[in-house]
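What follows is one structure encoded as structure tokens, with my remarks underneath.
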Amino acid sequence: MLGNLFAGFYQFADVFAFLVLSAAGLAIIFGMMGVINMAHGEFVMCGVYVTAASYHAGLPLPLAQACGTAVAFLIGMVLEAVVIRPLYTRPLDSLLVTWGLSLVVTQGTLVLVGSTFPGIGTPLGGFRVGDYTFSAYRMVLFAAAIGVLGFVWFLFLRTRFGIQARAVMQNPGMAQALGVRRNRVYALSFGVGAGLAGFCGALYAPTMSLIPTMGSSFIVESFVTVVVGGSSVLLGTAPAAVALAVIRTGLNAWYGQIIGQIGLLVAVILIIRVLPDGFTGWLTRRTA
Amino acid sequence: MNRRDLLLGTAGASLAAALPRTGQAADPPIKIGLLEDISGDLASIGLPKLHGTQMAVDEVNATGGILGRKLELIHLDPQGDNARYQEFTRRLLQRDKVDVLIGGITSASREAVRPIVGRQNAFYIYTNQYEGGVCDANMLSVGAVPEQQLSTLLPWMVERFGKRVYTVAADYNFGHLSSAWGKSIMKPLGVEFVGEEFIPLGVSQFAQTIQNIQRAKPDWLYMLDVGAAQSSFYEQKNAAGVRLPMASPVKIMLGFEHKRFPAGVMKDMYAAANWFEELDTPEAKAFVARWRAKYPDEVYINDMGYNAWVAIMLYKQLAEKAKSTKLADLRGAMADGTLGVDAPEGRIVIDPKSQHCSHRMRLISVDGENKIKIEKDFGDIQPFWLSQVGCNLLQSNPREQYTPDNLPRR
């Protein structure tokens, strides 16, 4: 009994963590900043590869993961300044540019690093509840997902940078007139988004096969969660991840992975039909 | 995107030098059209196929080519995209007018190519192990098929580990057909299928599957997953503490997971293979040495890469016996069922009724240190299934793919 209850929670936590971690970075870049970032999967992949490379170079895993996150953050800042900044008013062009970037990065990795990369191996081992054994690292992923939501809440609602960032997203001209350094806020926000994507990659690096196109396995879930969530990370992405995780976990458990995936996408279509602004719009209306 | 690699190998220079001279030497080269994925999700297993073909072409050209004509290799990279497979097939057959078309990794790409080859009445060689059953006079299959890989491996697994089997398969034709094969081979043995799951391609998270497996308590797993994303299953299963023997027709010798994953992850994986790099016969060692001298950075010489080399050698035998590169003449050359090559695994012979090849099959396993062990040598196994169910290309050409659930009408 306890085993089955915990198994249900574990499955939910696993899907929830995957949705939150893969979507968090995109929620900032796409949800808040409005840049349709087709290279999101490649930021994730960057986190994975830097983590794996640092680990193989001899760093302990948590430090290697910090490296993966930091490199994605820095690359995000640089890219924003060089490529993304002129395109804020041209969303379709930014879509094309980021898509092109993703192709260049994927193929570049293939050419430079090769088609495979040695894996790391999942740390922490397993534990047993009732009839089932589980991977302890999956619980770390769940905790990290909660941690990311806490971090985003703190950063955007409790710091000076957060207030400035939200001001810039809402009305860049007015914010600039009030003395906010717009470009710096944009670059930092984009960097945080890219860094969170890299963090996702760093966390999943020990659990997956490493190939240059692996970013694409995060793309569908991340876009779906952000679109269903709407523009806010806390009022959007988090409840969207809960709802989608419940739907997917249930369907996976009763009908298998195929129905789970189909059901997830059908649910998304229904939700954006009923809630055009996603969970954000719905929750904001109810609380306002 | 429409990148065209014109790979003349060592032939390039000598061919160019030979062209202006006598009429004899100016014979046009035999054009070989090659479709292999060296980018995209399957790049890691596709690259050895390109290398195998290049090495064979160079070796054939170094000994004078075929019928006094040099080989010219035209390789295009379809990147795992079936639409591109079709576009490139048309281009190679119609514009480049290649004498033979080789390649394709997934069964989906092979089935995308085959109708076009049929309409052009061209000659196509498929070099992968696959789920079997293609009865098509335009196609020669060089890789191992279920009667070689599964009729050997699965009964052995049942005897060794038990009768409760759980199947995890990729949700497309290879996965479904190989799963059906498993049932038709193992049901007569009294096997109970305690679970069967089809996973969409590209799925990389397996917590639910792992839990379902624990609930079903199988004796061993029948693994038919495909692609790098799905192969994350092994790491995740291991992390969750699930330790079960596994059998698969596409792991180790094909995907070389034991070279890519940390030690322990692939422990107790069993497979039946016509080729694996660790094969320790003198012929195999010489083959590996030649390959490694040419491609020192190869992660692993997989069975597909080896089969790609075999394909060119078979083509040489066929064309030289037929004294022609025309399809009808080539088929005539294989009609008596004796044509073959002495390959590193042993002698490979073409069965003219099904146009599939015999193979020397060995059962291999992976230990906790990622080392390969040969568990059993099955000897030469014929591709008997197609002729058993009534495919006879010497009499008719149905161009069909038969399965245990879709047999030819007698």
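Including glycine, each Cβ sits where the backbone N, Cα and C put it.
Keep in mind that TrEMBL annotations are predicted by a computer and have not been checked by a curator.
Values in this document were obtained by computation on a predicted structure and should not be read as measured data.
Annotated features in TrEMBL:
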TRANSMEM  A:12-32  transmembrane segment
TRANSMEM  A:63-84  transmembrane segment
TRANSMEM  A:96-117  transmembrane segment
TRANSMEM  A:137-157  transmembrane segment
TRANSMEM  A:185-204  transmembrane segment
TRANSMEM  A:224-247  transmembrane segment
TRANSMEM  A:254-275  transmembrane segment
Requested in this report: Answer yes if the transmembrane segment (A:63-84) and the transmembrane segment (A:185-204) have at least three CB pairs under 8 Å among residue pairs 6 or more apart in sequence, and no otherwise.
Outcome: yes
Report task. Decide whether the stretches the transmembrane segment (A:224-247) and the transmembrane segment (A:96-117) have at least 3 CB pairs under 8 angstroms, with pairs required to be 6 or more apart in sequence. Result -> no
Query raised in the report: How about the transmembrane segment (A:12-32) and the transmembrane segment (A:185-204): at least 3 CB pairs under 8 Å, pairs 6 or more apart in sequence, or not?
Result: yes
Report summary line: Contact count check, CB pairs under 8 angstroms to the transmembrane segment (A:137-157), set A:96-117, A:185-204, A:254-275; argmax is A:185-204
Report task. Would you mind listing the long-range same-chain contacts of the transmembrane segment (A:185-204), meaning Cβ under 8 Å and 6+ residues beyond its ends? Result -> 21-22, 24-29, 32-33, 35, 37, 40, 43-51, 64-77, 79-81, 84-85, 88, 140-141, 144, 148, 152, 155, 161, 164-165, 168-169, 175, 215, 218
